[in-house]
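What Swiss-Prot says about this protein:
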type	residues	note
REPEAT	15-102	repeat 'Solcar 1'
TRANSMEM	17-36	transmembrane segment
TRANSMEM	77-96	transmembrane segment
REPEAT	111-195	repeat 'Solcar 2'
TRANSMEM	112-132	transmembrane segment
TRANSMEM	170-189	transmembrane segment
REPEAT	202-302	repeat 'Solcar 3'
TRANSMEM	204-223	transmembrane segment
TRANSMEM	277-296	transmembrane segment
Amino acid sequence: MGGGGEDEYESLPTHSIPVHLAAGALAGAVEHCVMFPFDSVKTRMQSLCPCETKCPTPVHSLMSIVKREGWLRPLRGVNAVAAGSMPAHALYFTVYEKMKSFLTGNTAGHEHTLAYGASGVVATLIHDAVMNPAEVVKQRMQMAYSPYGSSLECARCVYNREGFAAFYRSYTTQLAMNVPFQAIHFMGYEFWQQVLNPEHKYDPKSHLIAGGLAGGLAAAVTTPMDCVKTVLNTQQAAEADPSNRRIFLKARYRYRGISDAVRTIYSQRGMAGFSCGLQARVIFQVPATALSWSVYELFKFMLSFEGGHSS
């Protein structure tokens, strides 16, 4: 029985779309929600209107937010990202598995590294189209002095004041960041899987380690574009006044694209501005991607085993 389960787990990429959808949706929710407080810290550090208190580390920043604003504040926007990440990751993992199977002939090995990267790029195009609106709402909820009572109110206000285009203003930047991120991420994961788990059986330890290493490297390399994306998503806060939150809502955006945001970041912070939030981003991504791959592979294994057992 155990051998049959492993065999079906190995053959999953060729035929089991429902399993990939279910496992991917759950993995997405875990990835984005478990380490969400550090994502909130990263957003504030990268915004051009960070909180007044300068903190030496992301952990100190998180403690400062909790002390000044309450322990629930770092979780603002988590429901938006959960709602967006489940369908986005369901499609993301499914497209990746199908593209990988198509490009490699369902075989594994270091010679397929570019195929893994290409599969990740295609999956990212689909993922970001679904995820970008949730990302906009999430980051505006994360900002200090954010006036929105809920993610739904935030989405409604953004739509009424700025139109539907506001939800995709950072889409090209998101792709410019996530295409290399996911290419590095997937190539790194498959590389470490080949090193740690050459038989490609279900092995929780190898999935955890490979996911964490791949996610950490990809996060560090793509931090500059993440800074640009955050500025585009949160630019309303550029004119926020703690004593009058209505100014936040009435502020008009100033950066119409990547080039405007890049120039503004450089003029205000220099080259160091493109590495803001690097530590917080890596702290978020290493456990997040490790857990995401672990949950995905676990549920893929469990669902395939259940299917084999019932038949």
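Using N, Cα and C of the backbone, Cβ positions are placed for all residues, glycine too.
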Sequence-distant contacts of the transmembrane segment (77-96), meaning Cβ under 8 Å and at least 6 residues beyond its ends, amount to 17, 20-29, 31-33, 36, 40, 119-120, 122-124, 126-128, 130-131, 133-135, 137-142, 151, 154-155, 186, 292, 296
What DSSP reports for the repeat 'Solcar 2' (111-195) is 74 helix, 0 strand, 11 coil
